[in-house]
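Look at Swiss-Prot and you will find 4-38 tagged as domain 'SAP', backed by sequence analysis. If you look up Swiss-Prot, you'll see 68-153 marked as domain 'Exonuclease'. What Swiss-Prot lists as Mg(2+) 1 binding site is Asp70, Glu72, Asp253. Taken from Swiss-Prot, the feature Mg(2+) 2 binding site covers Asp70, Asp190. The feature AMP binding site is assigned by Swiss-Prot to Glu72, Ala73, His248, with similarity to another entry given as support. Marked as active site, proton acceptor by Swiss-Prot: Glu72, His248.
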Amino acid sequence: MNQKTPSTVEEIRIALQELGLSTNGNKEKLKRRWKFREKRLEEKRKQERYQKFSTSNENKTCLRYLLIVDVEATCEEGCGFSFENEIIELPCLLFDLIEKSIIDEFHSYVRPSMNPTLSDYCKSLTGIQQCTVDKAPIFSDVLEELFIFLRKHSNILVPSVDEIEIIEPLKSVPRTQPKNWAWACDGPWDMASFLAKQFKYDKMPIPDWIKGPFVDIRSFYKDVYRVPRTNINGMLEHWGLQFEGSEHRGIDDARNLSRIVKKMCSENVEFECNRWWMEYEKNGWIPNRSYPPYFAS
């Protein structure tokens, strides 16, 4: 049961005295002292929850599966990320890092609501036509379909999407995660920008199963091979491979990312989360990674 926050000077002094804290000062000083104490307690509670859900290095949960995504979104030429991008295509590939293969695929187009008419630039870039998104479900319905798709694999995803609980990061995030699966994408933008924006626009709560730590494949590749950061084509060229399908089509981009992951697995690369996100403009790096960040000279 939550303790009632003291409001009067006498109540604050009694509460501070019970905690063995100073009761000197005016009401404002006493309130600040109480708030500081509450902040410290909240940080301690979060840290205890982290310890509960994190694992030791000896017993860490290694990633077995990646959920590879590459969303496409509405766009205007020259606007970049300042544009109010809405998701129009959402693929998800369930990839087995041990078997080095795709187990299952999810794919759906999404109907935008704020700016339902695609720009000529967007249609040219993605190849997605107006008639395709006009008959597509809205984002909330696609998200429910994706949840059902992932729930279908609850026998291998540990914990399942029904059970996962993500704790909000403090100053650092544990490198080892109590999950055998993680989201993965090309750079941070799919998760920390496009998806985060979509939840913000739709005023939807962000479920624990889609936020938290994820693998930024582009940065992960850079750190593993000690090379400058590059795009999907650049990563494929490392093995003499060519892009298959149409660039900037979400499902084709995701499949080519899976080819990169497969090659890295064949070279005994151990995948781990290197980024996290909680909501729009609330994201960051996971410190103490196995592959130290590479900074090209």
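In case you wondered, yes, glycine gets a Cβ from its N, Cα and C as well.
There are 29 other CB atoms within 10 A of the CB of Asp70 (Mg(2+) 1 binding site), with all protein chains counted. Nearest by CA distance to Asp190 (Mg(2+) 2 binding site), out of the binding-site residues Asp70, Glu72, Ala73, Asp253, is Asp70.
When the Cα atoms are compared, Glu72 (Mg(2+) 1 binding site) and His248 (AMP binding site) turn out to be 7 Å apart. Of all Cβ atoms in the shown protein chains, 26 besides its own fall within 10 Å of the Cβ of Asp190 (Mg(2+) 2 binding site). Following the DSSP three-state reduction, the secondary structure of His248 (AMP binding site) is coil. Cβ atoms within 8 Å of the centroid of the Cβ atoms of Glu72, Ala73, His248 (the AMP site) belong to the same-chain residues Val71, Cys75, Ile88, Glu89, Cys122, Leu125, Thr126, Ile128, Arg249, Gly250, site residues excluded. Taken residue by residue, the domain 'Exonuclease' (68-153) breaks down under DSSP into 28 helix, 23 strand, 35 coil.
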